[in-house]
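What TrEMBL says about this protein:
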| type | residues | note |
| --- | --- | --- |
| BINDING | His51, His96, Asp181, His185 | Mn(2+) binding site |
| DOMAIN | 27-104 | domain 'Manganese/iron superoxide dismutase N-terminal' |
| DOMAIN | 114-214 | domain 'Manganese/iron superoxide dismutase C-terminal' |
Amino acid sequence: MLSTAKSALRPSLARLFAASATKRSLHTLPDLPYVYNALEPYISEAIMKLHHSKHHQTYVNGLNAAEQSYAKSPSVKEKIALQSALKFNGGGHINHSLFWKNLSPSNADGGNLPDGPLKKAIERDFGSVEEFKKQFNAATAAIQGSGWGWLGYNSATNRLEIVTTANQDPLLSHTPIIGVDIWEHAFYLQYQNVKADYLTAIWNVINFKEAEQRLAEAAN
């Protein structure tokens, strides 16, 4: 019943990586669409610097290394052994590249969900925007260990659904509309172990304009 991985990755991920897909080059760390302190006070400058320049860069480096090893590997056994590294680092790169676009400063429409297709779809599928946030935060906070909370579009039912993924697994069953990183590196410096405070605060900097664009692309 769920959409296939191919349809789930289209079109949002295709839009993110279209440029690099046309040429065989190493993956690179994408620039942020805002400065490191732009999301304060909800996400601190220190977190953003560490998260983007260190953690995301590590996934990029790991993905490049895994792909190069895979291309040079002479045996099927060795290629199979590289699958976990490709999944972890590739997922980390995909998820974070979506996440940065998922955020916007509060003085630049971050946190603002205007009337439109996305708001109507959320109200249709969850009853209200506040109920959606409540359900999303509960599901995401309940992740054991590290992972991601997602608002995903199910192309089989044409509905929005809350989904979680473990570790850096990318969302393949749905098209990602909104994703929230619940790894400790995304919040611990500021919120310590209180996930609920982080999840409450992040809605003030969610880029609903970007989310609505993803929904429009997915629904076509």
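The first residue you see is number 1, and the count goes up from there.
Heads up, the Cβ atoms here are built off N, Cα and C, so glycines get one too.
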Specify the count of other C-beta atoms within 10 Å of the C-beta of Asp181 (Mn(2+) binding site). 24
Excluding His51, His96, Asp181, His185, which residues of the same chain place their Cβ within 8 Å of the centroid of the Cβ atoms of the recorded Mn(2+) site? His52, His55, His56, Phe99, Trp183, Ala186
Counting across all protein chains present, how many other Cβ atoms fall within 10 Å of the Cβ of His96 (Mn(2+) binding site)? 26
Same-chain residues at least 6 apart in sequence whose Cβ lies under 8 Å from His51 (Mn(2+) binding site): His96, Asp181, His185, Ala186
Just to confirm my parser: what is the rounded mean pLDDT across the domain 'Manganese/iron superoxide dismutase C-terminal' (114-214)? 97
May I have the DSSP-based helix, strand and coil counts for the residues of the domain 'Manganese/iron superoxide dismutase N-terminal' (27-104)? 53 helix, 1 strand, 24 coil
